[in-house]
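Worksheet: the structure to be examined is printed underneath.
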Amino acid sequence: MFAKKSLGQNFLNSPSALQAMIEAGRVEKGDTVLEIGPGRGVLTEAILATGAKIVAIEKDDQLFEFLQEKFATEIKNKKLILIHDDILTIPTHQNFFSKNLGGQAYKLIANIPYNITGQIIRKFLSGPTSQPTLMVLMLQKEVAKRIVADDKKPAKIFAPQKLKRAKESLLSISVKVFGEPKYIKTVPAGAFRPAPKVDSAILLIDKINCNNFKKNKIKEEKFFDILHRGFTQKRKLLASNLKITPTILVDCQIGEKARAENLTVKNWLCLAVKI
């Protein structure tokens, strides 16, 4: 069965990477896991081996039929719910989660196509009815590094790897306002079939919640409106870009020469409250 370039398919073929994803997600018996794009089912097998229940969503017609046959017993025993659909068009409202996930807390673990990374992250981080407790994603290495930004080292559960310090970005702040991203492990291109042109990385987004918005009594829409405006001309001084008064700069502990990439989540939340 060949991977389809049009769907961004690269099949993971590394037992150590699979184990790293399972460990990063702290998957255990009794958990409910949402898997996006199970492909040939190697990650699915690894998750099922822990005793967790899986809801897997596969868009590809041939792979869906392959998975139906491969996991016929697990599907019959209700250990696996296999859905033939496009994750980007499935409405992530309460009815979907009640029907397929039993309305319980779940973890999202997936080797997703690179070309829909941002859409997947936005879809499942935004909105309390669709949020998993954590996400473990296989991403392009450079994207994972951009998300963790100022975290200098990978999570301690794996061998240290050198990562250059990066400035904050629209993507990193968009993730950190909801949870705690951790760079887990670099996965070389050779771990996939066919091999992509770049290396990948396992990223954990832990402790996902909407507490920052509730605690500061601000709406997500307002926060992201200010965030997007701030990064629209990220090379400009933020005070000029957003027309921030000196008083607000002092209140939010922002330097007068700061740019969007210099601000933390705490700074952005303060701006959303004050502006």
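Any Cβ shown, glycine's included, is placed from N, Cα and C.
Record check, TrEMBL: S-adenosyl-L-methionine site residues include Asn10, Leu12, Gly37, Glu58, Asp86, and the candidate from Asn100, Asn111, Asn115 also listed there is Asn111. Here the binding-site residues are Glu58, Asp86; the one with the fewest Cβ atoms within 10 Å of its Cβ is Asp86.
Residue with the densest Cβ environment among the binding-site residues Asn10, Leu12, Gly37, Asn111: Asn111, by other Cβ atoms within 10 Å.
Across Asn10, Leu12, Gly37, Glu58, Asp86, Asn111, which the record gives as binding S-adenosyl-L-methionine, the greatest C-alpha separation is 20 Å.
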